[in-house]
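Novice: Let me begin by handing over the structure; questions about it come next.
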Amino acid sequence: DNKLLWVESELSTIEIGGEIMIQAIIQDVTEKRIAEEKLKESERILRQQNIELKELDRLKTDFISIAAHDLKTPLISVGGYIDLILLREKDLKDDIKEDLNRVLNNVERLESYINRLLDVMKIDAGKIEIVKKVENIYDIITECLSELEYQISQKEIAINLNIPEDLELVVDRFRITQVFSNILSNAVKFTSNDGIINISVLEENQNFLFKIKDNGKGLTLNEIEKLFGKFVTIGQATESYSAFEKGSGLGLYICKGMIEVHGGKIWVESEG
């Protein structure tokens with residue numbers, strides 16, 4: 001039927017009646033060969049798709065990076081002009097000043113979100129650069145707490161800070177400040193009124209374990225598993241927070257990236 005077959009043959013000699021004969025064993029391997037060809041074709045397609053996906057990912061990263069930088073430029077200009085107006089125009093009406101400050105706050109929030117997007121791109125690309133120096137960790141934490149002073153006082157949260165005032169570590173100050181600021185902000189956000197936040201550190205064999213514990217509602221196992229992913233938000237924010245203030249879902253992903261680039265680990269435990 002003119003069908004093409006693939007065969008494997010094995011030749012050997014055999015003596016029959018004093019004569020040396022050649023013995024051949026022939027096996028039909030057509031199905032095996034077809035399966036191998038299909039596997040090779042599948043591997044080729046997968047390699048090509050992988051190349052295309054990497055290119056798409058690169059284009060996406062480049063697009064977001066360029067768009068983010070292009071958005072930041074006018075935002076900086078807008079913020080600068082508003083600052084200049086508030087500084088120069090002393091006779092502005094109070095309601096106009098409030099409106100301008102509201103615009104300025106939104107500009108700063110949007111700029112912060114853009115910076116987070118850029119950090120995510122750097123983490124994904126493995127291009128986070130850090131400059132380590134000896135830094136006082138107690139000072140970093142107290143600075144972060146001072147920025148949250150208004151929210152802490154409004155909710156009447158008690159802060160128990162159990163960190164040695166002379167504790168110094170070799171870190172990138174800007175990046176570690178990002179981490180503490182984000183985690184402490186979350187702790188304040190999800191702690192109820194009259195709550196307590198404990199901040200402590202344990203040292204063992206020159207390894208330091210920082211604990212930030214609040215008495216908020218806690219997290220479910222499902223939330224814990226997703227917590228450090230991109231664009232993941234926890235739906236336990238109180239009604240007093242706007243959709244923007246509930247977060248972009250990037251903060252803890254960035255924290256994880258910053259801690260890991262320092263050679264550390266970050267995780268969460270909850271009593272539920």
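Keep in mind that glycine also has a Cβ here, set from the backbone N, Cα and C atoms.
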Novice: Can you say which of 32-59, 200-227 is given as coiled coil in TrEMBL?
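Specialist: From TrEMBL, the annotated coiled coil range turns out to be 32-59.
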Novice: For the coiled coil (32-59), give me same-chain residues lying six or more residues beyond its boundaries with a C-beta closer than 8 angstroms to one of its C-beta atoms, as numbers and ranges.
Specialist: 6
